[in-house]
Amino acid sequence: MLSIPPYYRVKNCNLIVDCQYGSTGKGLLAGYLGALEAPQVLCMAPSPNAGHTLVEEDGTARVHKMLPLGITSPSLERIYLGPGSVIDMDRLLEEYLALPRQVELWVHQNAAVVLQEHRDEEAAGGLAPGSTRSGAGSAFIAKIRRRPGTLLFGEAVRDHPLHGVVRVVDTRTAQDMLFRTRSIQAEGCQGYSLSVHHGAYPYCTARDVTTAQLIADCGLPYDVARIARVVGSMRTYPIRVANRPEAGEWSGPCYPDSVECQFADLGLEQEYTTVTKLPRRIFTFSAIQAHEAIAQNGVDEVFLNFAQYPPSLGALEDILDAIEARAEVTYVGFGPKVTDVYHTPTRAELEGLYARYRR
């Protein structure tokens, strides 16, 4: 017997996942698809140890840790943060009030909450290399331990200014809303190769980073998730979080068909991490990483970002060929803005775009 209710209205659902180490441009892709496909509901399971960036047309950079960046959607009605979220309530309120247009904000009652005690615990040290010390890991562990007195979002928000701004919902209410929504977009956090299950342990994050986990953390019902299109985000030169030599920390290895290089060697300005503001490490493209991520995440289409980074058009085409052995590259990005993303450019068009942006 089908579980789909008679009022099921979902026509399309886009899931955005990162196929590398994060910072591939998921926020840019989310903004682009939000404007292009106009979802009514945005879903996310955020954590304060990961940030998304969207550069608006006027050059203003919008950095979110708690809210998705598909807010460019002209049809947006509601943002829903699922039960797998780890919420920094102060940051959530700050981002919500800064939105260009206030829409309904729903948060699942069972989302974890970062409290000062969690930040203090992580500030004391003893964490994995690359930790942002945001309190996210400690908050998540506190939820899993299920000790008496542990506060989840539904209780914690009662004494916070968010109370009255946000709608706290249970699973049934969220399901009913999602089933009645025509178009949904869900944004993943971090990157596949940082997954605690699939990454280079212990040089990883505290949770799984796959399409399956995104679906679970957002609380998407199976009958919604099974029609989803998965768009995987990649960059021509993947990056990792910075080393912290003063603390004796190394952020981990790369794939065997990849080598570490320097931004200066590529003629590029140094990049810095969104959350910790530390210099990023950069590597050559790994086909092994791309193929593994595509298979594990069920990627249907790929967004390839920073297409102007390779030293020649031929080098860019080699990367495209490696990806398209497994999945179609549907979107190509050449810059930080939504207007720098191109949908299904031909190889001839790519030649002109590469020449223009490479200058």
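Just so you know, glycine gets a Cβ as well, placed from its N, Cα and C.
All protein chains included, S23 (active site, proton acceptor) registers 27 other Cβ atoms within 10 Å of its own Cβ. Mapped onto three states, the DSSP output places S23 (active site, proton acceptor) in coil. Summarising the annotation, Swiss-Prot assigns active site, proton acceptor to S23.
Feature annotation from Swiss-Prot assigns dGMP binding site to S23, N49, S131, T132, R146, T205. Annotation note: N49 (dGMP binding site) sits in a coil segment as assigned by DSSP. Every protein chain shown contributes to the tally, and the Cβ of N49 (dGMP binding site) ends up with 26 other Cβ atoms within 10 Å.
The Cβ of G51 (Mg(2+) binding site) has 21 other Cβ atoms within 10 Å, all protein chains considered. Summarising the annotation, Swiss-Prot assigns Mg(2+) binding site to S23, G51, T274 and lists sequence analysis as the type of evidence.
What Swiss-Prot lists as ATP binding site is S23, T24, G25, K26, G27, G51, H52, T53, Q190, N305, Q308, and the listing cites sequence analysis.
As annotated by Swiss-Prot, L-aspartate binding site applies to T274, V275, R280, with the evidence given as sequence analysis. R280 (L-aspartate binding site) falls outside any helix or strand according to DSSP and counts as coil. For R280 (L-aspartate binding site), the same-chain residues 6+ apart in sequence whose C-beta sits under 8 angstroms from its C-beta are S23, I239, R240, V241, A242, F263, Q270, E271, Y272, T273.
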Among the ATP-binding set S23, T24, G25, K26, G27, G51, H52, T53, Q190, N305, Q308, as the record gives it, the longest Cα-Cα distance in Å: 23
Cβ neighbours of G27 (ATP binding site) where a neighbour is any other Cβ within 10 Å: 26
Count of other CB atoms lying within 10 Å of the CB belonging to Q190 (ATP binding site): 24
Entries of N49, G51, R146, T205 which, being binding-site residues, have CA atoms within 10 angstroms of G27 (ATP binding site): G51
Candidates G25, Q190, Q308 (binding-site residues) - the one closest to N49 (dGMP binding site) by CA: Q190
Least Cβ-crowded entry, counting other Cβ within 10 Å, from the binding-site residues listed as T205, Q308: Q308
Secondary-structure category, per DSSP, in which T205 (dGMP binding site) falls: coil
